There are 2 protein chains.
Amino acid sequence: MLKGKVLIAQGGGPTAVINQSLVGAVLEARNFAGVEHVYGARHGVSGIINEDFLDLSRETLENLEAVADTPCSALGSTRDKPDVKYCKDIFKVLQAHDIGTFFYIGGNDSSDTLRILSEEAVKAKYALRCIHIPKTIDNDLTVNDHTPGFPSAARFVASAFAGINQDNAALKGVYVGVVMGRHAGFLTAAAAGAKLYSDDGPHLIYLPESTFDMTAFVKDVKRIYDKLGRCVIAVSEGIHDAKGTPIITKLAKDVERDAHGNIQLSGTGALADLLCDQIKEKTGITRVRGDTFGYLQRSFLGCVSDVDRIEAREVGRKAALFANYSDRAHGTVTIHRVGDYAVEYKLSQLKDVAGKTKVMHKSFINREANGVTAKFMDYLAPLLGSNMPVASRLDMSNGVPKILTKK
Amino acid sequence: MLKGKVLIAQGGGPTAVINQSLVGAVLEARNFAGVEHVYGARHGVSGIINEDFLDLSRETLENLEAVADTPCSALGSTRDKPDVKYCKDIFKVLQAHDIGTFFYIGGNDSSDTLRILSEEAVKAKYALRCIHIPKTIDNDLTVNDHTPGFPSAARFVASAFAGINQDNAALKGVYVGVVMGRHAGFLTAAAAGAKLYSDDGPHLIYLPESTFDMTAFVKDVKRIYDKLGRCVIAVSEGIHDAKGTPIITKLAKDVERDAHGNIQLSGTGALADLLCDQIKEKTGITRVRGDTFGYLQRSFLGCVSDVDRIEAREVGRKAALFANYSDRAHGTVTIHRVGDYAVEYKLSQLKDVAGKTKVMHKSFINREANGVTAKFMDYLAPLLGSNMPVASRLDMSNGVPKILTKK
């Protein structure tokens, strides 16, 4: 039964719809007569340690709905990864505030935080119910068909590449777009989401699921360029060599790591520049441009998949419902595709998701490891949501006969 | 009178609404009974030389409208800048195809191309009517209040920074976003377009209209960071030192130039990385991230200001109407703000726009040269269009009293 004081927090990287989950959980929890307060911890678990709480019971529906439509964690986020000492400090605060339920919205790092916390709660005989609410643009949570946040980021990446394909067709040359994705290539693969004609870009897609070979890469680019006079390429930031060493570390002076031991891949244009230099140097093509999509793909205001918006709200609501009706003390809300297109939500075990990473299935990647399959496109299509804009072209069959130049 | 064969082409960098102008001109020209054909040259003036024409009279309304809603030059573009020899070759083709009217959609480089062309036409006693249709995300055309393409790009940049501001508030640190703009800072200044609260980012904006001083920059960043615990910065790609040397050339190995003699500033993440390194090194702040907005800001599919969409269509339509009703042989369609918010269109002289660059007026830039004024915000606001999404925040006055930690 959901009662007393409920705490909610947001961890890890922001998404376009993470506040839908926050608002879904808050509003649903507030519906239960036994719930006294819904607190929000600012900046994830670090806000618990600092007793930095907002009383979300005092928020108006109007403002919560406005926040729901705003990208990025409204409560603030954190990259802190609690150890045993950290968890004991968390208990002290939860006990002092008499909090019995904790909802944590986050990805696989955040779900692992919750797993440690729930285990320490058992050891400390503290009656705490921990429910993980999924989110990550990486789409790399196990058990889930996909993860809230990914569809909107995918829509952004697909829309960006659809525009860039037009740009590249207008002014020719080679374009390299670097997309977020450390181990899982789903978001980079979404670059193909708005392809319409067979010669539309991205013409090549490189994912962290495969080994990146610079020689094969340059050869691929030259082949497409020779055929079409242009080439659009989508590359995951996490591409690596046969030994698993990220390509970006081959040139980064200082490798920066976060509290989870992850190397910083975003927030620098180094990988795009490296790949562009390689193409220029080895093919002789002069107009080669690179962009790193960076933070825009996870936080852009106004690019949301309606499917994502609805599902992100639902996983929040479901967390409150599972907390009230399920026999299971802890768990993670998971999304399961049950139709084309329909989903169901379950309360799964934390250990099945926590700290694990799902990558793209082999059947989603082409044999040459430089593109995606029709099966992936089928998987992706409904997630992008309604009213995806379509890039159209003039009718190229209306050519005017040449008068001076006869070929 | 508009009659015979009409030719249209697109030059320079793509915009989100450049095809609205194309379709506006084509449809309006097709309304005139005396017009036999409307041809489109592929890839700007280079398509004329190559006699690479599409007969746009054969396009359906349905397809033209779909193309109008597609970003980037549907006819293809070029960076070619014709000299006298090039222009003579153009005449040969125009004469061979009996073309009497030429509409060229482009920015200040393209309008200069048209000026040369119209002058050569006079010398060659070739009866050619040249009308320039304005477009550029840089917003740097003289005479015009603003230029089609800028409002949509501004909406993209404002939306991006509104999201990044939330991202930076959630995970703290310093963020540097590099925006297009070689000499004119309008697009970078638009980063402030969606600011709502006084502590919203971007907190600092650096424009090519002012001299960039690295020491002052680092000091500004540190001041904001010390006050807010975070800092969001918008920087024009064209920032330069007191001698006018672009900051980016201070580290670029090979400086690449286009046919107009312009140094390549976009398509590389080097400037953002340089600025991030400087901040890390000189302030000791560890979480510093940089993005280069690159081609997304001019070609993103699905981010259009409705004001821009309407005006881009109108300048195209007006070109056809001026070609028919005006006594002036050549000219450029210009936009004039006559109300708040209303515009009028005029046919101005090519020489007043061609090859000239408008930069931001002093009254648009703050005294410290690190931000914009209220006057600029008033100028920008109507251009962003309707239904700009708003980033909302939780009510921070609902803090819960601390129990364990008393400060």
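Start at 1 and count along the chain as shown; that gives each residue its number.
For all residues, glycine too, the Cβ spot is worked out from N, Cα and C.
All annotation found in TrEMBL is predicted automatically rather than curated by experts.
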Same substrate site per TrEMBL - residue from B:Glu209, B:Glu237, B:Glu344 joining B:Thr136, B:Ile137, B:Asp138, B:Met180, B:Gly181, B:Arg182, B:Tyr295, B:Leu296, B:Gln297, B:Arg298: B:Glu237
Cα-to-Cα gap, B:Asp138 (active site, proton acceptor) vs B:Gly13 (diphosphate binding site), nearest whole Å: 10
Cα-to-Cα gap, B:Gly13 (diphosphate binding site) vs B:Lys135 (site 'Important for catalytic activity'), nearest whole Å: 9
Sequence-distant neighbours of B:Lys135 (site 'Important for catalytic activity') in its chain (C-beta under 8 A, six or more apart): B:Gly12, B:Thr15, B:Val17, B:Ile18, B:Ser21, B:Ile105, B:Gly106, B:Gly107, B:Thr147, B:Pro148, B:Gly149, B:Ala312
Integer average pLDDT (0 to 100) for the domain 'Phosphofructokinase' (B:5-320): 93
